[in-house]
Amino acid sequence: MAKSVELKNPHLNAMNSDYLYHLNINVPNTKDTSDFQKQFGDVRVVCAGGTKSRMYELALHLRDLLKIKKKDSDIVDLSESGHRYALFKVGPILCASHGVGSSTFSVVLHELLKLVKYAKCEDPVFIRVGTCGGIGVPPGTVVVTKNAYNGLLRNEHEIFILGERVVRPARFPENVIKDIVAYGASADDDFQIISGNTMSTDCFYEGQGRIDGAICEYDENAKMSFLKRCHGLGIRNIEMEATMFASVTYHAGVKAADICVTLINRLNGDQVEITMETKKTYESRPFLVVGRYVKKLLE
Ligand code: R2B
Ligand code: URA
């Protein structure tokens, strides 16, 4: 049976109103959210990705795929006045931008989770669609994250709370991964979808073992042996949000998945040198995958 979202924060029950500050969305009466439910109650899928333009493209793609009757001009940024993140709604799908890295994503993720709670959305699935570096897979491969590892190669997310280090599991539900790989692929695709482990870092350069950042105190050999160690753990891609995303959604009890396309094979180098045209082609691949999965989910 479909269930609505129960967040693990007892303090929310004591609040009569809530302001989703970074989205600039007000919930004036948390005890009676009927108006809010009219606006957002049908949401079944919440997609998130780095930039506003990519999330707008995704909203257009899903609108066309699901034959939702809306003109381009109707897909408005509901959070534009907040000047932080973008939020688009097409039928039962929200598409939000999250910026670069766990810290910016976690801010909007907390607010999106509260949004689906107040709107009493039934069993929503949160999906990140993004880009990443690959390890030992051809550029353009779509990777659906199994376990998310942090920069210490531990399958967990750490956060400092009230002066303490809190460690939480960073796991995505297996059945969602399985369905995405099964329904997201098409025999006509000229790319592969795989499920693999993901390393998630707070730094694009040193944190991901690059030697082309502004600072670097190790050599190419140390870098390669680290990347090979990652590969040995089943890590097939590196990005900057998966551990936080997995741990927060797992803790909140909502379904989630991370679907990223590799822009580079890190065993061959550090610089992302693909043309903007190729990048656009690659970036559209997670859209195809998520679209097919969502279509099946909504059937
Ligand atoms: C992948 O790409 C971005 C960095 O370029 C970051 O958001 C990520 O996870
Ligand atoms: N995003 C990352 O975080 N790393 C890469 O190598 C490419 C995209």
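Cβ atoms are placed via backbone N, Cα and C, with glycine included.
Unlike curated entries, TrEMBL annotations are predicted automatically.
The shown structure was predicted, so the numbers you read here are calculated from the model rather than taken from an experiment.
Straight from TrEMBL, the features:
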- 45-288: domain 'Nucleoside phosphorylase' (DOMAIN)
- R84, R128, V129, G130, T131: phosphate binding site (BINDING)
- Q208, R210: substrate binding site (BINDING)
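Fewest other C-beta atoms within 10 Å: among the binding-site residues V129, G130, T131, Q208, that description fits T131. You'll find the Cα of R128 (phosphate binding site) roughly 20 Å from the Cα of Q208 (substrate binding site). R210 (substrate binding site) sits 17 Å from T131 (phosphate binding site), taking the Cα positions as reference. Close to ligand 1, meaning a Cβ under 6 Å from one of its atoms, are these of the binding-site residues R84, R128, V129, G130, Q208, R210: G130. Under the three-state DSSP scheme, R210 (substrate binding site) falls in the coil class. Scoring each of the binding-site residues (R84, R128, R210) by how many neighbouring Cβ atoms lie within 10 Å, the top position goes to R128.
Counting in whole angstrom, T131 (phosphate binding site) lies 14 from Q208 (substrate binding site) by their C-alpha atoms. With respect to ligand 2, the binding-site residues R128, V129, T131, R210 contribute T131 as residues with a C-beta closer than 6 angstroms to one of its atoms, given in sequence order. In the three-state DSSP classification, V129 (phosphate binding site) falls within a strand. Note on the domain 'Nucleoside phosphorylase' (45-288): its mean pLDDT in the predicted model is 97. When the alpha carbons of V129 (phosphate binding site) and Q208 (substrate binding site) are compared, the span between them is 19 angstrom.
Our reading of the phosphate binding annotation (R84, R128, V129, G130, T131) yields a largest Cα to Cα distance of 21 angstrom.
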